[in-house]
Amino acid sequence: MNDRILDQESYAQSTPAKAAHDDGIDLDDLLPKIGEFGLYQKCLLWLVCLPACLPCGFCAFNQLFMTDTPDHWCRVPQLSNFSLEERKMMSIPKKAEDNSTYESCVRYSVNWTEIMEFNRSIHINESWPLEPCLDGYEYDRSEVISSVVIDFDLVCDYDVYPTLGLVALNVGGPVGVYSFGILNDRIGRKKSFFACLSTLLLGSIMTAYAHEYWFWVVARIIVGLTIPAVYQIPFIISLELAGPNYRSFVTVMTCIFYTLGLILLSGVTYVLRDWRSLALATSVPFFFYYLYWFVLPESPRWLLMKERLEEANNILKTIARVNGKHLPEEFTTKLQKQVLEQKEHGVKETKNANAFSLCKTPNMRLKTILITLNWCASEMVYVGLSYYGPAIGSNQYMSFFLSSAVEIPSYIVCWILMDKVGRRWPLCLSMVISGIFCMVTVLLPNDAETETLILYLISKCFISASFLIIYPYAGELYPTELRGVGIGTSAYIGGLGLIIIPFINYLGTNNLVLPLVLMGALSVVGGLTALRLPETLHTSLPQTAEEGEEIGKDWTYKDCWSCGGPRQVESEGDSYENLDQLELAQAPIIEDEVSELRPARRSSMRKLVRQASILETQRDHDGSLKMTYWF
């Protein structure tokens, strides 16, 4: 990582407050004193927050395997005494374009009772009239033993119904994130998580015991309400308890564990072929998460915002004790004073913060449109390719496993490149390359399954990288006073875009590569428009709307070819090496402890510590993080 990468956001947001309140203490000042990423935070991350990623991935993608569509054909009750192959040969016409396969949705319109009564031997006449499947369907259960499609006969005229079920899941997502986001701020992170978990388990159990299609759809909407909120809430808690220098590490590890959950899901779906058992197996084990009630702490930031100072102080004391540190009692008084001041000033700051504020000036309006377009394209293509994974290749379980596994190296490489090359070009190239590999599949012959799978996996790898970039990049482009509403607006529109993704994938029923071409084109367009955005590497984050308007205002076509950003010469007080002294200068009561900070940072952790906290973008005026729609 770069030698002097400053925790730009944390510093930028805390500096104005400190300038106005010289005796105020922010939790970002306190955490280095009680442990930025000590034993307490590590146990919380590895034993609580990272396992909490599993329910989101499990319940977001298990539906792909619930709705497997096997080979099927019309049922003819009069021929039930014949073997399977004899029934198909006598009653089902063959496809005109492929004489070796049978039609799925029509049969010969003849009176089989009369034919068998007067004819000892039956001669098939291909000129017989045809009719739809009036007596239901038969299914090939050699591979797909059980599915929603089989139980509810969702084929032929109803073959779009599984797609509508996936749409229902995605409709619930934005609604749930908004609702649980409000709940998150009103009753706290801890109670919101368990409310979200309870909703998820309720919807999953309803899914498993659904005996009508529309009841199953309602169950999927309920499950969708919790995705990805059930994953975001513990993620927010871990971010708010980790020090500024470790929040990017926490974020990347959360992404990796989310992907590990998808990899585990591919194994579970391979073992369990009954869709009801799958629904239970991917939800019932999470009842054990209720045990987290005894170990999951409430966010101290939220408690401070609600002026529940005694509870916040107890949690901070626990963190300090587990980390082998000491929490000076003088902090309680200072924190109480700061909460009251922040609450008073915060009301004035947030009155005019709304989506329309992003469009008042031309440059800010253009950047908002481009950010939203990139977010929408990146999210739609990522989720669309994830949904499409099982349809690629000869083995849907292996295809889904590979499509998930390729995400992990992309996260790690992307994390490194973002602070060496910048944000704009990695975002552009990852989306464009992903789109190109998607569209190249149209040049392959129809039977090139392996080649199509390889191109698909390369595309999935690159689009995963872009999805990791767009969140911090957007946070650095939006000014501080509009950052929360800006990211929320872009992410919400991106979430709404997921509603049409199942319909795009539905086109693959007749043409396997058509959805890949459409998603590839969307990815290329989004990636190219990213070049119009200004680079943010090594630049100070804009604080006000006026500063946000100036960023990139003098953009020219030559800027498209610039890679990285100009390294700013920071003042003594602004450099990373002096950040601790800068922060602690506002709290003279603990000056005698400054010397303890540097030895605590081992040389082996230097690169990790210096990674900028670029992911901590959506903060309220009180310093607490806000939820947003983010897979």
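The backbone N, Cα and C atoms fix where each Cβ goes, glycine too.
Noted in TrEMBL for the protein shown:
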DOMAIN    105-538  domain 'Major facilitator superfamily (MFS) profile'
REGION    1-20  region 'Disordered'
TRANSMEM  43-65  transmembrane segment
TRANSMEM  160-180  transmembrane segment
TRANSMEM  192-211  transmembrane segment
TRANSMEM  217-237  transmembrane segment
TRANSMEM  249-272  transmembrane segment
TRANSMEM  278-296  transmembrane segment
TRANSMEM  369-388  transmembrane segment
TRANSMEM  425-446  transmembrane segment
TRANSMEM  452-473  transmembrane segment
TRANSMEM  485-506  transmembrane segment
TRANSMEM  512-531  transmembrane segment
Between the transmembrane segment (249-272) and the stretches 278-296, 369-388, 425-446, 452-473, 512-531, work out which stretch tops the count of Cβ pairs under 8 Å. 278-296
With the greatest number of Cβ pairs under 8 Å to the transmembrane segment (43-65), the stretch among 160-180, 278-296, 369-388 is 278-296
Taking contact to mean 3 or more CB pairs closer than 8 A (sequence separation of 6 or more), are the transmembrane segment (425-446) and the transmembrane segment (160-180) in contact? no
For the domain 'Major facilitator superfamily (MFS) profile' (105-538), mean pLDDT (0 to 100): 86
Maximum Cβ pairs under 8 Å to the transmembrane segment (485-506) - stretch from the list 160-180, 192-211, 278-296, 452-473, 512-531: 160-180
Contact ranking winner - 160-180, 192-211, 369-388 against the transmembrane segment (512-531), Cβ under 8 Å: 369-388
Ranking 160-180, 278-296, 369-388 by Cβ pairs under 8 Å to the transmembrane segment (192-211), which is first? 278-296
For the transmembrane segment (278-296), what are the same-chain contacts with Cβ under 8 Å, counting residues 6+ beyond its ends? 44, 47-48, 51-52, 54-55, 58-59, 62, 65-66, 190, 193-194, 197, 200-201, 204-205, 207-208, 234, 237, 265, 268-269, 272
Given a Cβ distance threshold of under 8 angstroms, which distant residues of the chain, six or more beyond its ends, lie next to the transmembrane segment (160-180)? 60, 63, 67, 69, 148-149, 152, 154, 192, 195-196, 199, 213, 216-218, 220-229, 232-233, 387, 492, 495-496, 498-499, 501-503, 505-506, 627-629
